[in-house]
Amino acid sequence: MKLLENSSFEAINSQLTVETGDAHIIGRIESYSCKMAGDDKHMFKQFCQEGQPHVLEALSPPQTSGLSPSRLSKSQGGEDESPLSDKCSRKTLFYLIATLNESFRPDYDFSTARSHEFSREPSLRWVVNAVNCSLFSAVREDFKALKPQLWNAVDEEICLAECDIYSYNPDLDSDPFGEDGSLWSFNYFFYNKRLKRIVFFSCRSISGSTYTPSEAGNALDLELGAEEVDEESGGGGGGGEGRAEETSTMEEDRVPVICM
């Protein structure tokens, strides 16, 4: 998995780290290419020792609604048109786990995560409503301006109409957001198989009484990184050349998003 550069996401992420007085919101949206690098290939070989890539794994019912996708299909259509909709292939499961590892490294390792810790969400509408309700209840009016910008950026990156949407709902021992003072959290994966890309949207709310500055690690890293870039650019040298080469490599993995 490789993190893809997205300036729109970077701008939105700066607005997803918010202090509300009694709570702190820390969120981020990231885009990943499903193209496997060296470490991913090695991990995938180990992963496949427990089952072939196309073997289906059972998922847990989604927490977004009281209905799993298969039961939703049955209740609406009269027949269970999608009896396997609560399952995914081991290859897809690997992509979800690899995305978590890339996003949370080096603090957490999700290599032992199991399929029952993931769910497939019933629909895009369910997920959008769940995200909107969580963020609006936390930041109120500030989210009204951010909401269209956020979802437009996600749609441009991943083409939401084509996505299967998964969530990560671990037990307390495995949850990176399960610390004391955690009020709520969500982890959604928007997977576009055609584009071979995943947009990962992770957010949590922490009680202000238990919050410490280190909790906002991502936001702090971004600020420190910006300062370092300013210092390096002021000093000249070949650093800019190396960064340009790295950006160019990232862009090679991107393909234009065309919603069909």
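Every residue, even glycine, has its Cβ placed from backbone N, Cα and C.
Under the heading region 'Disordered', Swiss-Prot lists 58-85 (among others).
SER60 (phosphoserine) falls within a strand segment according to DSSP. The Cβ neighbour count for SER60 (phosphoserine), using a 10 Å radius over every protein chain in view, is 16. The annotation phosphoserine is assigned in Swiss-Prot to SER60 (among others).
The compositional bias 'Polar residues' annotation in Swiss-Prot covers 61-76.
The phosphothreonine annotation in Swiss-Prot covers THR64 (among others) and rests on similarity to another entry.
The phosphoserine annotation in Swiss-Prot covers SER65 (among others).
The phosphoserine feature in Swiss-Prot is assigned to SER68 (among others).
Marked as phosphoserine by Swiss-Prot: SER70 (among others).
Annotated phosphoserine per Swiss-Prot: SER75 (among others), in sequence order, evidence recorded as similarity to another entry.
The phosphothreonine annotation in Swiss-Prot covers THR212 (among others) and is backed by similarity to another entry.
Under the heading phosphoserine, Swiss-Prot lists SER214 (among others), citing similarity to another entry as support.
The region 'Disordered' feature in Swiss-Prot is assigned to 227-255 (among others).
Taken from Swiss-Prot, the feature compositional bias 'Basic and acidic residues' applies to 242-255.
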